[in-house]
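Engineer: Found this in TrEMBL, in case it helps:
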- 26-65: DNA-binding region (DNA_BIND)
- 89-190: domain 'CoA-binding' (DOMAIN)
- Gly100, Ile101, Gly102, Asn103, Leu104, Gly105: NAD(+) binding site (BINDING)
- 218-268: region 'Disordered' (REGION)
- 230-255: compositional bias 'Low complexity' (COMPBIAS)
Amino acid sequence: MATGRTHRPATRSRGIPEATVARLPLYLRALTALSERSVPTVSSEELAAAAGVNSAKLRKDFSYLGSYGTRGVGYDVEYLVYQISRELGLTQDWPVVIVGIGNLGAALAGYGGFASRGFRVAALIDADPAMTGKPVAGIPVQHSDDLEKIISEDGVSIGVIATPAGVAQQVCDRLVAAGVTSILNFAPTVLSVPDGVDVRKVDLSIELQILAFHEQRKAGEESSAEEGPEALAEPEPAAAVVAPAPRGTTGTTGRKGPDGDVPAVMPA
Ligand SMILES: NC(=O)c1ccc[n+]([C@@H]2O[C@H](COP(=O)([O-])OP(=O)(O)OC[C@H]3O[C@@H](n4cnc5c(N)ncnc54)[C@H](O)[C@@H]3O)[C@@H](O)[C@H]2O)c1
């Protein structure tokens, strides 16, 4: 999982474990697709398959929401969409600021998926004076000198950092001092934040490195198979292989298996 640091306990309010919270968006994505096709009900097995989660785990997760489904009928799709959206806080609009409007920040600003999920891009902020006033995805870029004013006027609690790594901590400190309490960090650096501030980190290069690890492993298995059963019978005596976790990060946002976790240490 992908966080630089979060300062929340493993169990959230109303006793919902963090791991369940992390799977709720997967259920919501699958349910939204069903809703768009006007599917009225769904069984736990069908929904689990669509979300890429084990069905027993899904039933347990839904029990935290007080949703048990109806035997022989399944779950009501629309009601579950509402329940999960409410639990995730998506029944309200969340203004978001993006800081650093370069290649990545501009792409994020133009991403339609935020608005459809209840996240409104309230402001785009960049330190380059040449960008001030220029529209990106229809929103004029504002100068970072005004960061504090923008945050307080728009009541922004979520900030996205897409600046170079070297200034990310400084940007983070300013966002937090201005009142931001949740940060999505794309810069390849670990951020330090005070208690009460959540940081989630996205690093696509880590995802690629983990895929490279699996590719290497598959290639090793194929060459062992080509060498014949003797090679397979005498594996390398390594006890465990540590998956790559470069550049001081503590995790990734991606998921490997159906349960949404990438193990830090994988059996050889
Ligand atoms: N997480 C990922 O998967 C991923 C993918 C691509 C890039 N990145 C990272 O995202 C960041 C941005 O990448 P990019 O390709 O868009 O870079 P970029 O150079 O195109 O854009 C960076 C922008 O940040 C602005 N900036 C610099 N200092 C600032 C400050 N103090 N306050 C506000 N704005 C500031 C610059 O003016 C520039 O417009 C980098 O840290 C990069 O490593 C992460």
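Cβ from N, Cα, C; glycine included.
Bear in mind that the values here come from a model prediction, so they are computed numbers and not experimental data.
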Engineer: Under DSSP, is Gly105 (NAD(+) binding site) helix, strand or coil?
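Structural biologist: In the DSSP reduction, Gly105 (NAD(+) binding site) maps to helix.
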Engineer: Count the residues of the domain 'CoA-binding' (89-190) that DSSP assigns to helix (H, G, I), to strand (E, B) and to coil, and report the three numbers in that order.
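Structural biologist: The domain 'CoA-binding' (89-190) comes out at 39 helix, 29 strand, 34 coil.
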Engineer: Taking the binding-site residues one at a time (Ile101, Leu104), which has its Cβ surrounded by the most other Cβ atoms within 10 Å?
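Structural biologist: The residue with the most neighbouring Cβ atoms within 10 Å is Ile101.
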Engineer: What average pLDDT does the predicted model assign to the domain 'CoA-binding' (89-190)?
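Structural biologist: That region's mean pLDDT is 95.
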Engineer: Using a 10 Å cut-off on CB atoms, tell me which of the binding-site residues Gly100, Gly102, Gly105 is the least crowded.
Structural biologist: Gly102
Engineer: Residue counts in helix (H, G, I), strand (E, B) and coil for the DNA-binding region (26-65), per DSSP?
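Structural biologist: Per-class counts: 29 helix, 2 strand, 9 coil.
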Engineer: Please work out the number of neighbouring Cβ atoms within 10 Å of the Cβ of Asn103 (NAD(+) binding site), leaving out its own Cβ.
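Structural biologist: There are 9 of them.
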Engineer: Using the Cβ center of Gly100, Ile101, Gly102, Asn103, Leu104, Gly105 as the NAD(+) site position, which other residues in that chain lie within 8 Å, going by their Cβ?
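Structural biologist: Surrounding the site, in chain order, are Ile98, Ala106, Ala107, Leu108, Asp126, Ala162, Thr163.
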